[in-house]
Amino acid sequence: MRLLFAGTPQTALPSLRLLLESSHEVVAVLTRPDAPAGRGRTPRPSPVALAAEQAGLPVLKPRRLADPETLAALRSLNAELAVVVAYGALVPEPALAIPRHGWVNLHFSILPSWRGAAPVQHAILHGDEVTGATTFRLEPDLDTGPIYGTVTEPIRPDDTAGDLLNRLARTGARLLLDTVDGIAAGVLAPRPQPTEGVSYAPKITPADARISWSSPAFHVDRLIRAVTPEPGAWTTLAGRRIVLGPVRLAEPQHAPGATDDGSLAPGEIRVLAPGEIRVERDRVLVGTATTPVILGTVQPAGRRAMPAEAWARGARLAPGARFE
């Protein structure tokens, strides 16, 4: 079957590579325009564009899919089916009508849960234990089309969004190929999405990724993992922005005075106010609304990430120092 592949980030590469190795013919790749990247903000092609160029495929980078010249270019490809993996823009109705078998999208959730731009991040943020991937037929509305197939993936307690997305990209690629095979053979028909269990996963902005230390420890942990690596969880210290990597929960929490001299008994943790930092010999604790969390990595503005203990030694924190 003649395929048009639409995708942009690294996440789409396992699907593109698997389709290129299959019996199907990828006739062209559709991706987002070159975007500024790096410190110099120099425009760079997307990971999918680079992979397509290396494979000798034609690459289309339109700013608007609805432009007449873009629609004409899509028609000229004579693609029988278009497949989408994290393309990064809605496909308008005139484009949806071009391939004979329509457009199939690989979405990283079990639809109808977490429709939208950030399904993996929201699954972690809300404490889901299982997620997955879904192939479905694109419609004009957001992630509402009938479903071809699904695959499930457990969410591990220490998963970041990056970890989980990497696994889903691989398992989803196989699901996508199976879907394309089924459509090509005429043996796979989509079924309507369930009307119950609909939830939405809007894009998470840098503002959303700011840590609220007045939240419970479990929420701080989930937020940090949900926005790692992008956009990155952050806080401030003395007005300066600091990015934090995943944390561990410190259990249990006790008030001081557990021993006769007021010191802490082995394994006990002094109560900390939300955001308050306590530096110990082999760990750095921060208070939340419940139990403290143990910091993993710390990245001050303009510097590389480092272990929290190394950061604390160099920061020379005053007693009672607190993240805002």
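Each Cβ is built from the backbone N, Cα and C atoms, and glycine gets one as well.
These come from Swiss-Prot:
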BINDING   Ser109, Ile110, Leu111, Pro112  (6S)-5,6,7,8-tetrahydrofolate binding site
Sort out for me which one of Ile110, Leu111 has the most neighbouring CB atoms within 10 A, since those are the binding-site residues we care about. Leu111
Sorted by sequence, non-Ser109, Ile110, Leu111, Pro112 residues with Cβ within 8 Å of centre, (6S)-5,6,7,8-tetrahydrofolate: His107, Ser113, Trp114, Arg115, Pro119, Gly132, Thr134, Asp143, Thr150, Gln193, Gly197
Go through Ser109, Pro112, the listed binding-site residues, and name the one with the sparsest Cβ surroundings, counting other Cβ atoms within 10 Å. Pro112
